[in-house]
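Data first, discussion second: the structure below is written as structure tokens.
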Amino acid sequence: MGARRWLYRPAVPNTAVLYGSLALFVSILHNVFLLYYVETFVSVYKIDKVSFWVGEAVFLIWNSFNDPLFGWLSDRAFLSSPQVGSQITSPEVVLKRLAALSRNGPLFALSFLGFWVAWARPSLQFLVCLCLYDGFLTAVDLNHNALLADLAVSAADRTRLNFHCSLFSAVGSLSVFLSYCFWDKEDLRSFRLFCVALAAVSALGFWAVSRLLRQRFESQLRPGTNDAAGLKELGIGHALPPQEQPVTIGQYLRQLSKHKNFMWFASMNLVQMCSLTQPHSPISLGQVFHCHFNSNFFPLFLEHLLSDNISASAGSLLLGVSYIAPHLNNLYFLTLCRRYGVYQVIRWLFMLKLGLSVAMLLAGADHIYLLCIFIASNRVFTEGTCKLLNLVISDLVDEDFVLNRRRQAASALLFGMVALVTKPGQTFAPLIGTWLLCFYTGYDIFERRPAQHALVGVGVAPEGGPQGAGPAPGTAPLRLGCFYMLVVVPIICALLQLTAWSRFTLHGRKLQGIKTQRQGAQHAPLADVKAI
């Protein structure tokens, strides 16, 4: 008998699992960054107020413009390919994005480590670290989010991809729960080792998963492979018709200015967010602002609202739950999206956030258990809405593809243009938050002394302190000021978001028509595509 040869072929996870796992390697670092970078520079490195505000202002400019810049560098080849020559296929687009992830992912993990060791003057380190970290984070996020629009067209497939992202993001949020055990602003040695371990896991994960995905899609470019069905299921693998003429950046911006739903979703929001008293409001910018406001000031709320009433272990549990629960709850939100649509679910979340905030405002700051539930639920519904917005932007990619008769959807570029007016919310959050805290309570987190013109606690002496010394941490005026910040910001954001969301029309039959035309464009000449 001849010897039987067994050929071992390792099982490769499907595309949705691999795509979702990339979110794990971002979330294990980014959640820790959001939670501790402000407190590290203010409380540990003792950065002065002017340097903090100047650094945040420079970061605001870089944070806003690097997204469209990187998006244009990534997608200009798809918009401006010459009429003759080799065509670009969807697998080639995916491979280009995966190559960018394999390069920028490990660099993103390395830039994360720069925050936790004092290697320069606080003002210089603050600026350099923020810009480097955000640059690599932008490169990772743009390519990862663009894959959501490139891998799938149908709402069901995109929801499935987003489902796995939420699942792995929930696992990644465990890093926040663990970080509370290592964090000690008096001695950062244990916390630094913890961050090194996180960065190593993230860098290796980006390299391994990107390599697996690239191997999966490179096989689709070779003739005679049998895996085409798996990619066809996600709408991948069709050659694209040649472009009629190159598209310049000026032409693209003019096209974008005529995209009404994009303008309502993003561009209008820049003007509206400049003043929180405007009659209309941001959808995504307000959401990004609210998400980062919650993250940046979560330790402050725990310290001044709950520290005297709950134990350190309970605080750690609340912190971990507030970061993990949004991702787990988002799995349920995605099942609702399959049934009712993303537009309707986001509208319900805005209304729920408004109702809970008003109820907490009426209940007051003395109901500790209600306060714990509200702090956790506030993050759950706010972060849940943020996660669903990527599905809306992917729908905008489809509409842009149809309206402008593109040869290839410029997904990374459109995500970058949306970020141009939404990313400032990440910078506004700590700036507005620290200003509100100082203005309403007289508590200056930079100098730990009262500020002029404080509305709460002016002339109120803390126990054992002189008259006019301002509120000390844990005193009633400071606690009340933190409470009003906690509940009033969600109320304002929800009211403004509901107003703007009612103007957005890309849902229902119109959205279904857009998706049908994009799917048909992959099988028909470009001239046969009709814009809606």
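Here the Cβ of each residue, glycine as well, is placed from N, Cα and C on the backbone.
Computed from a predicted structure; not experimentally measured.
Per TrEMBL, transmembrane segment is recorded for 16-38, 50-65, 126-149, 161-183, 190-209, 310-333, 354-376, 483-501.
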Based on Cβ pairs under 8 Å, which of the stretches 16-38, 161-183, 354-376 lies most in contact with the transmembrane segment (126-149)?
-> 16-38
Do at least three C-beta pairs under 8 angstroms join the transmembrane segment (161-183) to the transmembrane segment (190-209), pairs 6 or more apart in sequence?
-> yes
When you scan the chain for residues with a C-beta under 8 Å from the transmembrane segment (190-209), skipping those not six or more beyond its ends, what do you find?
-> 18, 21-22, 24-26, 28-29, 32, 101-102, 105-106, 108-110, 112-113, 116-117, 140, 175, 178-179, 182-184
